[in-house]
Each structure stands twice: as C-alpha cells, then as structure tokens.
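Just below is one structure, and these are the notes that go with it.
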Amino acid sequence: MSEKEGMSEVLEDTISQFRKESRSQSMKEPGFIKETSNLINEASDYLEGKSSNQIYETHPRQNTLESTSSSGRKSKRNEEQKKNLQFSETSTRTGTSQSLSSLTGRTAEYQALVNFLSHETVGEVSPQVSEENQKQLGLGADNFTVNLEAKGLQEFPKDILKIKYVKYLYLDKNQIKTFQGADSGDLLGLEILSLQENGLSSLPSEIQLLHNLRILNVSHNHISHIPKEISQLGNIRQLFFYNNYIENFPSDLECLGNLEILSLGKNKLRHIPDTLPSLKTLRVLNLEYNQLTTFPKALCFLPKLISLDLTGNLISSLPKEIRELKNLETLLMDHNKLTFLAVEIFQLLKIKELQLADNKLEVISHKIENFRELRILILDKNLLKNIPEKISCCAMLECLSLSDNKLTELPKYIHKLNNLRKLHVNRNNMVKITDCISHLNNICSLEFSGNIITDVPIEIKNCQKIIKIELSYNKIMYFPLGLCALDSLYYLSVNGNYISEIPVDISFSKQLLHLELSENKLLIFSEHFCSLINLKYLDLGKNQIKKIPASISNMISLHVLILCCNKFETFPRELCTLENLQVLDLSENQLQKISSDICNLKGIQKLNFSSNQFIHFPIELCQLQSLEQLNISQIKGRKLTRLPGELSNMTQLKELDISNNAIREIPRNIGELRNLVSLHAYNNQISYLPPSLLSLNDLQQLNLSGNNLTALPSAIYNIFSLKEINFDDNPLLRPPVEICKGKQLYTIARYLQRADERDEKILEKIFKIVANNITETNFEFLCQKLNLANSETDMPTKSTVSLSERAHQALVIWKTQSNKLSLTAAALRDQLIRALTMIGAYEIMDKITALNLFTRAIKF
C-alpha cells in the first residue's frame, strides 16, 4: 500500500457511516432487498455486522461510491466491498424453537467436532464419527457448522457425509478436484455447501441427493458444465458459479422454483435461453464479465428481479422490453458498448442505482426526471457533453459521478440535489465551479481534478460537511480561501496548479490530515503549514523549496513528508525534530551529505534519497535501525562507487535500491541484513556476488541486471524464498545468458548444479594431468605458488612414493584448504592454471588447454 492509500484509509473511516447508509439504500446487493424474505434480509444484517452464518463470493465489481479517478487510493475496505457478493442463510427455521443465545451457549459442545474435523492431518486420515461419538460431541438437532477451509484436502472428506447434523459445510481453498460416492442417506440436513477455489472440473450427479440444500457455492473453479441433476434441488435458493468456464446457460435451472440469487459472472456465456422467465422468484442475477453481445430479452420478464449485473459484456443497446422490469432497483452495465439508452429504461421507477461507466453514451434523456428513487448514478468514461437539467428532479440522489467525459459545466439546477453527498467531475472541460454548489449542504466528497478551473468560489465555505476535495491539475493561481473555512475538511489535493503563496488562513485548518500541493510554484516551506498539528501527510514535491523553517517541529503528527524535486542543496536538519516521521522523500534534489542528526528520526521506516549529488554513500543512514526501505538509486544524480560495511547495521531493512550507480561490489557482510526482501542493484559494475548473499533467507526479489557478472554462485538455489530474479545484460558464462533469459530460478539452479558436477570432474582430470606430467623441480615451485608448506607435502616414505602420487596428494590438500574459503571448482581451476603459467609448465598447460576445448565442445 502506498502512503497516499494509507492516508485515504484514515479518511474512509470518517465517511464509513455515509457509505454504509448509501449502500443500505442503494439496493446494490441482495442484502439491500427490502422484502420480507429472511434469506434476503440476512444479507443486510451482514453489512451491519449481525449475521453469524455467511459465506462470500469474490468478484471484481467496482465500488459504486468510488469515482474511477480515485481508484488509486481506495482503501482495503473498499476493495473488499468491490469484490464481495454476499450470500447468507438464516439459522432460524420454522418449527425450530432454539434461539440464537441457546445456540451460542452450546458453542463448546459442537466446537469439539469442528476441532476434530479441522485437525492438521484431516487430509491424510478421514475422521470416523459414530453415532455414539456424535452424541458425546454434543451433536443434537442444532445447526452445526463444519469449516475445513484451506486444510490442504485432496479429496472430499466422505466420512463427513455420514454425520447427520451438519448443516453448514465449508470446504473452500482446498485441492478437491471432484466429489462422488454420496448415498441417499448422506448429509440429509445439509443446507449450505461451499467449495470455492478448489479446482473442481465438474459436479457429480449425486448432487441431487442433497434435497435440503439451500445454498451452493462453487465459484472460482474450473467447471464447464452444470449437470441436469441440479434441477432436483427443489429447495435451493442461492447458486454461485462465479468465475468458472461455463459456456452454455444451464436450461435445467428453470425447474428451480425457489431460486432467489444466481451468480454466473465471469464465465463464457454468449446466450441466455428464452426459458429464463420460469425463475419467477429470482431477485438477484449476476452475469458480469461474460460474452453477451445483446441484452437478453428473457431477462426483462423476471417479475421479482431487483438487482441485475451485466458489467463487462459487449452489449450495445437496450431492448424496449426493459420497461417490464418493474421492480428493478439496481442495474449495473459498466464496461459495455452502449451508444444510447432506450427511452423505455426511464420507466423503471424503482431504480435506485444505475452504473453505466465506460460506455459510449453521448446523451442522457431529460426523462431521467422519472428516477425519483435514484441514489447512485455513475456515468464515468462516456462521451457526454452535458447533463440534462431535469436531473435536479432526482431528489434522492446521493452519489453522482461524471468523470472522464466532455462536460463544460454542471446542470443549472444541481443545487436542488439536497441529498447529494458525492460529486465527482474529474477530467472534463470544466472552466469553473458554479456558485450554486454552496447550496449542497450534505456534500461530503467533491472532485474536480483534471479540468481548466482557475478559481474556487468563496461560497464553498458553506459546505460544512465536506471531508474530501480533489482539485489537482487545474489552472488555479491562488490558494482558495474558502477551503480554509471548512471545519470538516480532512483531505485536500491541489497538485499541479500554479499556487505560489500559502495564505495565513490555512493555519486555522487544524483538522486537516492529508494535504497535497506538489507541482505548484512554491518558493518556500510556509510557516503556516507548521500550525497544522494534526497533519499526517504532506506532499510538497516538485516545487522550488530550498529550506525548512524551525517551526516544523510543531507538526507533531506528521508521518509522511514528500519533498522530492525541489532545490535543497543541504540536508535540512530541521527535519530531524520530527520524531513521528515514518516516510521521507528527498529524491531529485542536490544533496551532497546528510546530517548526523538524522539519527533522531527514531521511527523512520522509508527513505528516498535517489538522484542526489552524494560524493560517498551517506554513512549516517546506517544509524537508522528502524529503517525498512532505502532508495539511493542515482539515475539522475552522482554515481556512488562503493557501499560501506556498516550497511549491515540497518537490521530492519526490507527493501534496498542501489540501482543506477557505479558500485563495483556488494559488501561481504550483506548477509547480515536478515530481513531483506527486495534487493535492486541493476545498472552497476558488480562483477562478484559475496557468499553471504546466500544467507538472505527472506529475499524474494533480486535484480542484478546490467552489471559485469560472469558467473552466479552455485548455491543460489538455496534461497528458497526467491520469487523474482533478473540477471539480464550481464556477460554471463556460468550459466550462459540464454539460460537466464527466462528469469526462472529452477532452470538456473539446475544448470549450476550440473555445472558444479562437471567442474569437479574436470578439476580431477586436471589434477591427474598435473600429477602425471610435472617434474620434481616444477612440483616444488608449484607448492610455493599454492602456499603449500613442505610439512604438508613431504611424506615419510618419500623414496618409495612416486612423484605422481605426491603431486596428486598435494593438490588434494590444496583443494581442501581452499574449500574453507568457499571457492568453487571453477575458481580453483583458474588459480591452478595461473600458478602453472607462472612456473613455466607449458607442456602441462597445453594438455589442460586441450582438455578445456574438448569439454566445451560437449553439451551436458
């Protein structure tokens, strides 16, 4: 997660209530259905944290309350809301007298069963549970849940089928490829079966035996066909086949008279059968990301349908029959090919959410005034030049997103949308923000980035509920004073404008948490910023700032400070007073050294000093034991030639980027950085990798492309954590360049292992050549060159032991000593050849050269 995303998450906490209210009224998911069905109402309970028995289907539908312009800063919570299609089932049944509190009271009893079935060895030893054992475990007439998610199961645990009282069975995220062998008496009470993410290729015909099944989830598998026997599941209410390989819509589903929710999103459907209207109870239908080229008319005759998702298809028009969807509340058709909207769509008087982003719409009809219940309208990424004034009749509208169109102005009467909370008009041709926007008393999020706006009306100060404002990349000359009067404003971005001065009024915005002013015309770090004692994130990058005021010490909450691409020539010591600072970016300045006071930044985690003018590596950085990420690459700055051994003091370092320098070697103690996960050292002059590099057991990314490496260490395959490697653009001989091109560690490791074996054999042959051909005089000279003492080579029976044997024994001793230095067989060979050359053993050299030529000609 980036720092911006982290701050956005803080802001999302503030507006979570708004989102929750908006979503609960928008009818986007089955949980928002305001009907009497317990099944549907439970999903709504889930969103409020009430439901106790749920399973989830993951899918990539977009969050309807987030503009595409802010997608880069969505919080994790929003990502989950984008992906989840909730489905739930009530644990209270007609005729069941047990209350929820009673069930909770018996948790300890049935937890024994869950623990027993969830044992680590369950994949190897199937549990045998007799009726007597079931009683001992407390299995009675209760609604028991068995959760075996991610237990490494290779096959369906058949013995579970014999347990009478299991009602909810979760087997997600295993490796169950199929399940068969059920008998007519098995799992008679099973109501929920979830087999997501297992690699299932099909469903067995025995599925029909699960007569009481109400929810079946087999999403994220490899299923290409739905068996006809599924039509026998008369009690089924929810079916989830999301993200499979289904090409034909299962016609047998028409027999499922109680089906309420059907998810077939992300399959390969091209056609919907005309028999679909037989599903008269269907309320929620997901067909997103299929291959539909037309809007299936059969969908228009589902009388109870309230939510329809056709996102990501190839639909170019809507049929007139769409008017028959009288109860439809949510229609999602983002990422299609729509060029116009059939006028009949405006007869859907109950519509509450309409998403049409990323189409080719040029006009919206004035009949939009019919949508009196509309809460959410998403029209991003179309070709709209104007929005009809009649949109002001959509009095319930809460979210209006119009980004990435061709709008020059807002609708005249937009101020009548009293319930509007989000207005996003990014990347259009807006020249100004109309004064009447000040009447939007409930507005919380306002985004106008990427337009040609020159100023912001002072009247915006009346919008006292605004939390977030985006005005980046416009033509604003002066900091908008009206923004300084917004007491609820937490997030403000005015990047990419022409602001040169900061007014004193900003010092009153003490509630600000996140402020972005990069790419403006600021010459100084204004002291008015220093009054923002709650500010956590400040981006002043790409300005012309040269120094920092001493009063910055007042910014006690500051966690992230971006000062890249400014005019700093010396490191601002004033920054060292920011005890809570976690992220500092001073890249692309003119820094030559760093103050030793930087050690006062006790909580610093991320530093970016790339593209500066350091003469040497700033050794002061090595004091920062809390540092996790360091970037000192110099693509634009002065090149570093060496790294200090003290680098190993940064014991918490996880990411190190030393790329684009002139570094010749990696410190020999690099292995002491035990937490290192990512090492980027590309485009340097490194010719050798120290053995301690192989001690980095957590290393996942290693980029050494563009260096002078001729060989890789044989034991590199021992770094089991490595996931990404890059040795491109090195003069590699061992292994050859073509072996490394695929960036596959297994391939490289296999080559090196075989090369090691080959080098050992060659070295032994060289030993024999030397031993069989060396003279007594040359042998003595060779021992001297190899630093072998006479005591190591003299033998008590020298007169009876041949010169050949003594020479071979000496070479073995030399090899044993050299192995302590972690020298490879190839390195030993090269040393021996140099020594033979120095003593003038040319005849032996000729024989070794012939051997080398012969072995290179043989592929292994």
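The backbone N, Cα and C atoms fix where each Cβ goes, glycine too.
Taken from Swiss-Prot, the feature compositional bias 'Polar residues' covers 50-72. Per Swiss-Prot, the feature compositional bias 'Low complexity' maps to 90-103. Per Swiss-Prot, domain 'Death' is recorded for 764-852. Residues annotated as region 'Disordered' in Swiss-Prot: 1-103. Residues annotated as repeat 'LRR 3' in Swiss-Prot: 187-210. The repeat 'LRR 8' annotation in Swiss-Prot covers 303-325. Per Swiss-Prot, repeat 'LRR 9' is recorded for 326-348. As annotated by Swiss-Prot, repeat 'LRR 11' applies to 372-394. The repeat 'LRR 13' feature in Swiss-Prot is assigned to 419-440. For 441-463, the entry in Swiss-Prot reads repeat 'LRR 14'. The repeat 'LRR 15' annotation in Swiss-Prot covers 465-486. Taken from Swiss-Prot, the feature repeat 'LRR 16' applies to 487-510. According to Swiss-Prot, the feature repeat 'LRR 21' maps to 603-624. Residues or ranges marked as repeat 'LRR 22' by Swiss-Prot: 627-650. The annotation repeat 'LRR 24' is assigned in Swiss-Prot to 675-696. The annotation repeat 'LRR 26' is assigned in Swiss-Prot to 721-742.
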Just to be sure I understand, if DSSP states are collapsed into helix, strand and coil, how many residues of the repeat 'LRR 15' (465-486) fall in each?
5 helix, 3 strand, 14 coil
So if I exclude everything within five residues of the ends of the repeat 'LRR 15' (465-486), which remaining residues of that chain have a CB under 8 angstroms from its CBs? That is, six or more out.
11, 14-15, 69-70, 426, 441-459, 492-499, 501-503, 505-506, 508-509, 516
Rounded mean pLDDT within the repeat 'LRR 13' (419-440) lands at 96
For the repeat 'LRR 11' (372-394), what are the same-chain contacts with Cβ under 8 Å, counting residues 6+ beyond its ends?
22, 25-26, 28, 64-65, 67-69, 329, 334, 349-366, 400-414, 416-417, 424
